[in-house]
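Novice: One structure follows; several queries about it will come next.
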Amino acid sequence: MGAGHAPGQAVTGATVAFTVLAGLATIMRLFTRLHIVHTAGIDDVSIIIAMCLSVVLTATMVKQVTYGIGDHYDDLNHANQIHVLQWMWASIWIYYLALGAAKCSIILQYLRIFPHNKFRLGCFILLAVIGVYTTWTFFSSLLACIPVASFWDRSIEGHCLARLPVWFTNAALNIVTDIATVVIPLPVLKGLQLPKRQKIALMIVFGLGGITCIVSILRLQSLYAISIAEDVTWENPMAAIWSSIEVNVGILCSCIPTLKGCVNRVFPRFFKDRSTGRPSVPETIELTPGGAGKHFAMASRNHDSKPRGRATQGAREADEGIQVVTVMEQEVEDRSRREDDSSSAESESVRKLVLQRPGNDT
């Protein structure tokens, strides 16, 4: 048995299972963003595109199984030989599109969360690199052979790109972008003004993309097997399985940081602090400049959390005619004026809870 071989049933089982997991995570993400925190954005559009492409990718894998992937090429009739390679051709460029969309979703999510200008510039550069990489891999797969039909019909004379150097170049670039996607937010997370345990937890959540990098590396052995194989239907199953896992794990890693609100709504006790009974993790994370602008502070919202301190007292005394009023005081730093006038104003946002009786001015 070659390094790339597996039964056709294994291809169907693995690809469908991981696609279902990614689909559930995507649904939970959209539920959280649309109905709980009401903050849907372009990163959610990108993950929807990735998920749709993942479903199509899984369909191409299942069709390959139908026409003989996992069997020896010479044992297939001529019609099945053509059909299985047609679906293999389609799965390759769909894989690259889905992977690119999943990575873009992660980067776009970073841009929504982190306000640091240098970090955002790095994200835009990485987005451009991923865009160029995805465009190259798409067209190099779509037009791997000229004429295109010579990819699946060996009776047609044509010229094809060498699979081994092209596919491994693509794989190397893929791993590099995976590593960059994982590493880029870590310096900003390290500078957060948070308790050490919370900071580590956030770094773990945002570092989950490293799993995708591990899958990409594990895929290399099966990719090599199919790159040099003559019996492509026999050696392709493991490459198909790892490709599907990689795409769907990428989708999962993009969704996980957004799922706390949904899990907390379905399992309200899961994230509660045992000593206080309140949510211990915020549903929404916002990072704002703190201090002299060298670090960031985390502002959080627990949409279902109970008031604390004097607010709790005010809630208990509501029957006595006392109400809680939230007053927002904000000083906005005019950076351009600071540069002209050499002023040293600092940006600061303060939320105060004021207890007042109805009819009184604050």
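Each Cβ is built from the backbone N, Cα and C atoms, and glycine gets one as well.
On a predicted model such as this, the values are computed, not experimentally measured, just so you know.
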Novice: Taking 12-32, 222-242 as the choices, which stretch does TrEMBL tie to transmembrane segment?
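Specialist: Within the set 12-32, 222-242, TrEMBL attaches transmembrane segment to 12-32.
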Novice: So if I exclude everything within five residues of the ends of the transmembrane segment (164-188), which remaining residues of that chain have a CB under 8 angstroms from its CBs? That is, six or more out.
Specialist: 96, 99, 103, 106-107, 110, 114, 116, 119, 122-123, 126, 129-130, 133, 136-137, 140, 144, 203, 206-207, 209-210, 212-213, 216-217, 219-220, 223-224, 227-228, 287, 296
